[in-house]
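One structure is given below, encoded as structure tokens.
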């Protein structure tokens, strides 16, 4: 579960990084405004900035080429004159309209009804570019042609050199920048997914660490089951291995199943907040009776190996013996070993005596006269 969440988070992070880099690179390459390329009779070229309207169709990707015609009337608030007739039906005409006196959507709709393929609306007494919009849904549904907005200086230049009467033509270049909601919404979705995955990963890890720490610590009810001994002079315990202070009369000692004793104030925080093991021998400190942990959990804990696990684990039988039993068994073992050593010594002495007798006999044999040995050899043959 944790591994799969980590893989998902890694994938989401990679996607987020790639999308962010590509998005910024894409936005830096995109133009913020469309352009109008104007060609006069002598093939002279000039470029004008424009701003597309928020209604109507978008310009085709290859651009829209057409002949520029001045609107009659110029404000196009009423039906305007249609474009001139030409033999080539594929020829497009673009109308130039003046701003003010009526809404933008009315101007563009009148241009569409007159037969124009696009409309250019110019500002009055200003070169500022305005984003043309509309609040009338019924009119918006009827508008099919694209339209752009230009400044007054650009409109004057177009009228002087690039109209249809003067042999010029224009090309409306579309803008390729996407609206804000086109890339902002996917960006926010990806960021949200990454944050959700990170939160899930952190919560899962916190729960697992909390469960692992709780499993490795001793509960309060388990701690109460461990015996407490009041120290008296003459006891076999002498020094607390945690605080290194000598025991005094009346000190409360916590006796662990491994027979190690510590001050209650020293060992209790260790058992309940750190690990339920003996600080010295690392043996598990679990009450022998009434332990609520299952055998499966205890076996799993015993099989777990960590950096704190001792290289030589104490035998299970040792955990149930007291210091007196340990000393008694140790003395009994020493007596047994000493008796064995004595028997071995006696055997060694007997064997050494036998060997010495054999050696003496061989020496005696070797000291016998040569003729007797020859005689024995002859009889043997």
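Note that Cβ sites are derived from N, Cα and C of the backbone, with glycine treated the same way.
Keep in mind the model is a prediction, meaning the values are calculated, not measured.
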Select, from 43, 88, the one residue given the annotation N-linked glycosylation site by Swiss-Prot.
-> 88
Per Swiss-Prot, the zinc finger among 197-239, 240-282 spans residues 240-282
Confidence summary for the topological domain 'Cytoplasmic' (204-381), mean pLDDT rounded | 62
So, by DSSP, how many helix, strand and coil residues make up the zinc finger (240-282)?
-> 10 helix, 9 strand, 24 coil
